[in-house]
Amino acid sequence: MARLGVNIDHVATIRQARGGAEPDPVAAAAIAELAGADGITIHLREDRRHIQDRDLRLLRQTIKTRLNLEMAATDEMVSIALSVKPDMCTLVPEKRQELTTEGGLDVRLHLDAIRGAVQKLQDGGLIVSLFIDPDTDQIKAADKSGADYIEIHTGAFAEASDWKAEQEELKKIENAIKLAGKLGLGVNAGHGLNYSNIRKVAALGGIEEYNIGHSIISKAVLVGLDRAVRDMVDLVKYS
């Protein structure tokens, strides 16, 4: 049965908009866990635009499920990860001008640097995933990097303009799942997944964990975080 990792970055985004202490993403994580989330995902960006070091530290101390830390493959972030010891580190690309992560890592282009970061993290006893597009060459490069998992970037599927484009993107995801399996890589997925489209990806099978944030927090504004998480848990686990 697939797992749901709830990304709470946007709780921190709301807090940072006023520069205060509320809403606290640490409290949000506790509510998400009680509602059935299998893990909590956060992205500690280099510019600290939403999640702060304090959040990461407290979440590591309080989370009862699993903590997935999204991070750039920089010396600073590797050092932080080795100190905090999340249950999984997901390496993601990062641009200061972007509103959210816009695409997958180019593992082919940056293979040496990514391989080095993966090795350091694994030497520290950490499990490493790479956030990549559902592209054959990128998956093969991820395997060469020594990573344990890939997280398939589902943004192109989520943003498909029509049925035909959506089916093409679903096929890419399906092929990516199969190739990763043959290479011995675990498979997670995320980006742009919501209450309307998650069933289509879940029907493919082969994905261990879905990391979903924006749609859950958006619904939580209207119905509460507990209900929003429970509804997504039902879709992920029983679709």
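Just so it is clear, glycine is given a Cβ too, placed from its N, Cα and C backbone atoms.
What Swiss-Prot says about this one:
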| type | residues | note |
| --- | --- | --- |
| ACT_SITE | His43 | active site, proton acceptor |
| ACT_SITE | Glu70 | active site, proton acceptor |
| ACT_SITE | His191 | active site, proton donor |
| BINDING | Asn7, Arg18, Gly192, Gly213, His214 | 3-amino-2-oxopropyl phosphate binding site |
| BINDING | Asp9, His10, Arg45, His50, Thr100 | 1-deoxy-D-xylulose 5-phosphate binding site |
| SITE | Glu151 | site 'Transition state stabilizer' |
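Recorded features from Swiss-Prot, shown on the structure.
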{"residue": "Asn7", "record": "3-amino-2-oxopropyl phosphate binding site", "Cβ contacts under 8 Å, 6 or more apart": "Ile40, Thr41, Ile42, His43, Gly190, Asn211, Ile212, Gly213, His214, Ile216"}
{"residue": "Asp9", "record": "1-deoxy-D-xylulose 5-phosphate binding site", "Cβ contacts under 8 Å, 6 or more apart": "Pro25, Thr41, Ile42, His43, His50, Ile51, Gly213"}
{"residue": "Arg18", "record": "3-amino-2-oxopropyl phosphate binding site", "Cβ contacts under 8 Å, 6 or more apart": "none"}
{"residue": "Arg45", "record": "1-deoxy-D-xylulose 5-phosphate binding site", "Cβ contacts under 8 Å, 6 or more apart": "Ile51, Ala72, Glu94"}
{"residue": "Glu151", "record": "site 'Transition state stabilizer'", "Cβ contacts under 8 Å, 6 or more apart": "Thr90, Ser129, Leu130, Phe131, Ile132, Val187, Asn188, Ala189, Gly190, Asn211"}
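DSSP assigns His191 (active site, proton donor) to coil, not to a helix or a strand. Cα-Cα distance from His10 (1-deoxy-D-xylulose 5-phosphate binding site) to His191 (active site, proton donor): 13 Å (rounded to the nearest whole number). Comparing the binding-site residues Gly192, Gly213 on other C-beta atoms within 10 angstroms of each C-beta gives the minimum for Gly192.
Take the CB of His214 (3-amino-2-oxopropyl phosphate binding site) and look out to 10 A: across all protein chains shown you find 16 other CB atoms. If you draw a 10 Å sphere around the CB of His10 (1-deoxy-D-xylulose 5-phosphate binding site), it holds 21 other CB atoms from the protein chains shown. Between the CA atoms of His191 (active site, proton donor) and Glu70 (active site, proton acceptor) there is a gap of 13 Å, rounded to the nearest whole number.
Look at Arg45 (1-deoxy-D-xylulose 5-phosphate binding site): DSSP puts it in coil. As a whole number, the greatest separation of Cα atoms within the 3-amino-2-oxopropyl phosphate-binding residue list Asn7, Arg18, Gly192, Gly213, His214 is 26 Å. Reported as a whole number, the C-alpha separation between Glu70 (active site, proton acceptor) and Gly192 (3-amino-2-oxopropyl phosphate binding site) equals 16 Å.
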